[in-house]
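Enquirer: Please find one structure pasted underneath; my questions will follow.
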Amino acid sequence: FLFCSSSQQIQFADQKQEFNKRPSKIGRRSLSRSISQSSTDSYSSAASYTDSSDDETSPREKQQKNSKGNGDFCIKNIKQADFGRREIEIAEQEMPALMALRKRAQGEKPLAGAKIVGCTHITAQTAVLMETLSALGAQCRWAACNIYSTQNEVAAALAEGGEAHVFAWKGESEDDFWWCIDRCVNVEGWQPNMILDDGGDLTHWIYKKYPSMFKKIKGIVEESVTGVHRLYQLSKAGKLCVPAMNVNDSVTKQKFDNLYCCRESILDGLKRTTDVMFGGKQVVVCGYGEVGKGCCAALKAMGSIVYVTEIDPICALQACMDGFRLVKLNEVIRQVDIVITCTGNKNVVVRENLDRMKNGCIVCNMGHSNTEIDVASLRTPELTWERVRSQVDHVIWPDGKRIVLLAEGRLLNLSCSTVPTFVLSITATTQALALIELYNAPEGRYKQDVYLLPKKMDEYVASLHLPTFDAHLTELTDEQAKYLGLNKNGPFKPNYYR
């Protein structure tokens, strides 16, 4: 099969961190959560057709069936399926690679026999991924990776179509969140043999509750930086018992999802929530990784005066060479109009910084976790919270000063706007190929460790998207290929290239 013929050993990434957990009492039971809190790190896309407040009855208390009489799902309202199907059809038009993969590979069914349990955002775009996996032969059960990201009408369309058994709705409690994951995993007569995760919560739950399941699981595909960190921590501790594919650090994820996606969605999120004019505004962007680069480029193009904070001298030098002034946050905190965090770290903006901000300063986060802004420090008796509109709060100090906090410090683009479908096509295709690779890999190719996606697959994902632009690749001659020491058909970059 074309997509899983890599025989080259994939290099390991160096990034490793200590694996920390903290206990948290949730609802009717006490559960252990990873410190990232990825399930509550972002709200849903603002584009969802329905709001979770439309019907206050918990989906767990409803008995619903689709038109085929199947009730193996738990969603808000199955009657919304027609609306969700229209959204999925629109998304398909902007996801050419997944549609091409579905067309090329469904005859061979490379995922026949695969039982995939997934935990990602459930949106029109991820629905296209789920239905593609089903078309390639997989059985799928799915939960949402955070409690606010589900588009209820899309979940209904998936439940009606039957391509994936979905357990998710917008506005879950944390107890609901873990219940949904458990319903996906703990099924009589069905056991997963592949995991697709976004944030690591699904993997964490199986390790905690059903460790024996890993005897039949062939591999894990992880999409987020938070989840990848968890996997490296497990690997370092010797507790990773199956191969795992890190698609977060693939070029098609880093460059396109993180950089190009954020370059567009940062402006969209800020404009929808605050109607702010960017020209002349002073903005500090904390972090100059791929997300930070995208944010800075967009704001600079709109006429903003952009400062950057950074801990890494290489990224710092890149910021300087791109024309941004590198500062420490406390040097500019009194004068900036907008503060944006995108580091993936915790306590980047703390109460001391928040106290010193000017009146009307907009504070938001573009990183995966809601740990970057110390929002908890603002929930004190002397400060007043005032809801302005959905995802927008004024936090008011005793002297009358107020800041504008967006999405309570959660992920701005998924909370307050949308992300470009075309970019998600690139990410979803990468995930699909990683699942195909791990599922079909011969025994011994991958050990119990974390691997990077082979560059051949990265390049294949990119090539599937080129026809959209009527783009024509130049081909190497035999002489040129020999001179460079490359195969004419690639890969053209080493595995360590990012």
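Backbone N, Cα and C define each Cβ position, glycine as well.
Quick paste of what TrEMBL says about this protein:
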- 13-73: region 'Disordered' (REGION)
- 22-31: compositional bias 'Basic residues' (COMPBIAS)
- 32-51: compositional bias 'Low complexity' (COMPBIAS)
- Thr123, Asp198, Glu223, Lys253, Asp257: substrate binding site (BINDING)
- 258-419: domain 'S-adenosyl-L-homocysteine hydrolase NAD binding' (DOMAIN)
- Gly289, Glu290, Val291, Gly292, Lys293, Gly294, Glu310, Asn413: NAD(+) binding site (BINDING)
Enquirer: Measuring Cα to Cα, how many Å separate Gly294 (NAD(+) binding site) from Thr123 (substrate binding site)?
Expert: 23
Enquirer: Rank aside, I only need the closest one: which of the binding-site residues Glu223, Lys253, Asp257 has its C-alpha nearest to that of Gly292 (NAD(+) binding site)?
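Expert: Checked the binding-site residues Glu223, Lys253, Asp257; minimum Cα distance to Gly292 (NAD(+) binding site) goes to Asp257.
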Enquirer: Fewest other Cβ atoms within 10 Å: which of the binding-site residues Gly289, Gly292, Gly294 wins that one? Let me know.
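Expert: Counting other Cβ atoms within 10 Å of each of the binding-site residues Gly289, Gly292, Gly294 gives the minimum at Gly289.
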Enquirer: Averaging the per-residue pLDDT over the domain 'S-adenosyl-L-homocysteine hydrolase NAD binding' (258-419), what integer do you get?
Expert: 94
Enquirer: Say we define neighbours as other CB atoms within 10 Å of the CB. Which of the binding-site residues Asp257, Glu290 has the fewest?
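Expert: With the binding-site residues Asp257, Glu290, fewest surrounding Cβ atoms within 10 Å: Glu290.
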Enquirer: Going by C-alpha positions, which of the binding-site residues (Glu290, Val291, Lys293, Glu310) is nearest Thr123 (substrate binding site)?
Expert: Val291
Enquirer: To the nearest whole angstrom, state the Cα distance for the pair Val291 (NAD(+) binding site) and Lys253 (substrate binding site).
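Expert: Spelling it out, the Cα of Val291 (NAD(+) binding site) and the Cα of Lys253 (substrate binding site) are 11 Å apart.
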Enquirer: Could you measure between Lys293 (NAD(+) binding site) and Asp257 (substrate binding site) for me? Cα positions, answer in whole angstrom.
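Expert: Counting only the Cα atoms, the answer is 12 Å.
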Enquirer: Taking the Cβ of Asn413 (NAD(+) binding site) as reference, which residues of that chain separated by at least 6 in sequence fall under 8 Å from it?
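Expert: Expected: Cys261, Cys262, Ser265, Ile266, Asp268, Gly269, Met366, Val419.
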